[in-house]
Amino acid sequence: MSESSASALPVGRPGPQRFVLQENLSLDSSSFSPPVTFLKELPSYRSIARKRTTIPARDKQSGTLLKPTDSFSSQLDRAITENFNNQSIRKYALNISEKRRLRDIQETQMKYLSEWDQWKRYSSKSWKRFIGKAREMASHLELWRKDIRSIEGKFGTGIQSYFSFLRFLVLLNLVIFLIIFLLVLLPILLTKYKITNSTFVFIPSKDTDIQCTVYPISSSGLIYFYSYIIDLLSGTGFLEETSLFYGHYTIDGVKFHNFSYDLPLAYLLSTIAYLALSLLWIVKRSVEGFKISLIRSEEHFQSYCNKIFAGWDFCITNRSMAELKHSSLRYELRADLEEERIRQKIAERTSEETIRIYSLRLFLNCIVLAVLAACFYAIYRATIFSQEHMKKEIDKMVFGENLLILYLPSIVITLANFITPMIFAKIIHYEDYSPGFEIRLTILRCVFMRLATICVLVFTLGSKITSCDNYSCELCGYNQKLYPCWETQVGQEMYKLMIFDFIIILAVTLFVDFPRKLLVTYCSSWKLIQCWGQQEFAIPDNVLGIVYGQTICWIGAFFSPLLPAIATLKFIIIFYVKEMSLLHTCRPSPRQFRASNSNFFFLLVLLIGLCLAIIPLTISMARIPSSKACGPFTNFNTTWEVIPKTVGTFPSSLQSLVHGITSEAFAVPFFMIICLIMFYFIALAGAHKRVVDQLREQLSLESRDKRYLIQKLTEAQRDVRNRAD
């Protein structure tokens, strides 16, 4: 609703009844004073009078309250006249007869317009009707539309938001793969299969030592049968030479008929493009949830009312899920009461108790930091051990030993992600926080743990790549002996993390959830099974799992261009696995999330993962020297140097413009303008929030006016009855 319509129309539908009561009350002049004098006694009129004494000038567009003497029909007609171009009759909360009357008014007004204005009105209506039909048809083409609707009907909007979030990640990874395919893979495929007359331009080895260009290929000959399984799980062997990894793209450009396609520039731009697209898409979706949370800044009493009168999820149709929703609402009310008790307890604390609880929290946070440091150090040692021993020949070790060494960092990361949430959940109980803050703090600690483990792995690999033990790295700029193509090996680590994470999700579902469901169903009399209970579908834990996988994809897509396609297939399979697990083995967690809160929380965690993914990518592209034996950037010291080289080919005027944009003289005013724009939108959000507060106040005054009028009507009827007696 626009501001003009908000000021012209009363909020809600009780308006007509109020004016009918006013007309009925004004009929009996013997019982009441004249209507104008009587209406001045309304609470809304008194509130306006008080505000006018304190604020003489008020902006009409800020949502002023209605005068009690206004007529509802005249106001509605005036609103239709003023908002004829923008508003639709369907948006008004009126009955059919009123809408027909307003439609007749519209048709009458159309006769007095010019032919050009009539054509604009009809074309605008036709265009809006076409857009509505197109959106309706597009909604039927949504991925997993029926499945998600079914989940929403059985389990509510909280769990439905998780599967909608999973669908968003599938679409995001599919778009990322299409970007990489069009910019990087397609030109190479066109050349490889002779579809065009283009040719490969191999990179010359000028100004580069011959030792830096050595890239040993895996030896051919007798290969054990399990070597193919190891290669498939770790990305080595035959997969290392495919387009799955960075080392396969050892070309400088592709020559077409009329131009030469710069593949290094396209490779870098594809990375920047999918990171920028991910950022914009996530911010766009999260802004909607942020606006809802900004508007719904509830007081405690209002929160109780919303839970009691508006907390029910009408999408639930299953009886057991309805009982679960009842228990969830009871849990939320108990949590709110517990928060009130803790707030009262905090207000009554003495200085000694305050010092004691803060000292305990400081000690427990030191334990949390120690646990995190121990996990990070374990990942660091496991990564170094794996990198030092993975170069052994396969025939010198057994199958299990080789696979254990290759997957040692992934195993340590998975164990850390499994153990630390349980430790955090135990520690948080002794910190004496409110229940809601306990959940948020535990989730934030788990988010930091899961995402920081990936960064620790990447930075450990980076330190290992740029450090040399017994000889100098000045020749190539990196440890060429262990990492002749370090980008491919980083891509292999990301590939192993994604495959191992996928295997763990499938293994937990098939070998833990299903047997647990069978034991709970058929062995429920055992006390141990009763204590174990049925598996809960915890929404935050599942969200952290897929955000963890998406962060791996963002980091690894530069080093393994086909990783987004693998992530797309992985999330599709996870969708069906989680749906089957939810329907047959799990029960929803009693700590349910609202859909609006869930969507904003999921996207906020995903945005944190994206920011953490950008940091190691930026450092690797700008600081670490690129490999001289593989990849499209062998002619450049670092990956980012392709940008200055491309800018150097521009005309002199365009080069001056680019240098001016990237200079400090442009950056400082640009930063100030961005700050001003940001302050403007913050002020605009505050203005919108004030309008919402005024509309809420108007609703409150409406209810007070009703009570006042009903009271006066009751008194009038009593006086009439007494006079008649």
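From the backbone N, Cα and C atoms, a Cβ is placed for every residue, glycine too.
Copied over from TrEMBL:
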{"type": "DOMAIN", "residues": "485-596", "note": "domain 'TMC'"}
{"type": "TRANSMEM", "residues": "168-190", "note": "transmembrane segment"}
{"type": "TRANSMEM", "residues": "265-283", "note": "transmembrane segment"}
{"type": "TRANSMEM", "residues": "362-384", "note": "transmembrane segment"}
{"type": "TRANSMEM", "residues": "404-425", "note": "transmembrane segment"}
{"type": "TRANSMEM", "residues": "494-512", "note": "transmembrane segment"}
{"type": "TRANSMEM", "residues": "554-577", "note": "transmembrane segment"}
{"type": "TRANSMEM", "residues": "598-619", "note": "transmembrane segment"}
{"type": "TRANSMEM", "residues": "666-687", "note": "transmembrane segment"}
Field: Leading contact stretch, 362-384, 494-512, 554-577, 598-619, 666-687 vs the transmembrane segment (168-190) - CB distance under 8 Å
entry: 554-577
Message: Please identify the stretch among 265-283, 362-384, 404-425, 494-512, 598-619 with the greatest number of Cβ pairs below 8 Å relative to the transmembrane segment (554-577).
response: 494-512
Field: Long-range neighbours of the transmembrane segment (598-619), counting only residues six or more past its ends (CB under 8 A)
entry: 158, 161-162, 164-165, 271, 275, 278-279, 282-283, 285-286, 288-290, 292-293, 443, 447, 451-452, 454-455, 458-459, 462, 539-540, 543-544, 547-548, 550-551, 554-555, 558
- prompt: What are the DSSP helix, strand and coil residue counts for the domain 'TMC' (485-596)?
  reply: 85 helix, 6 strand, 21 coil
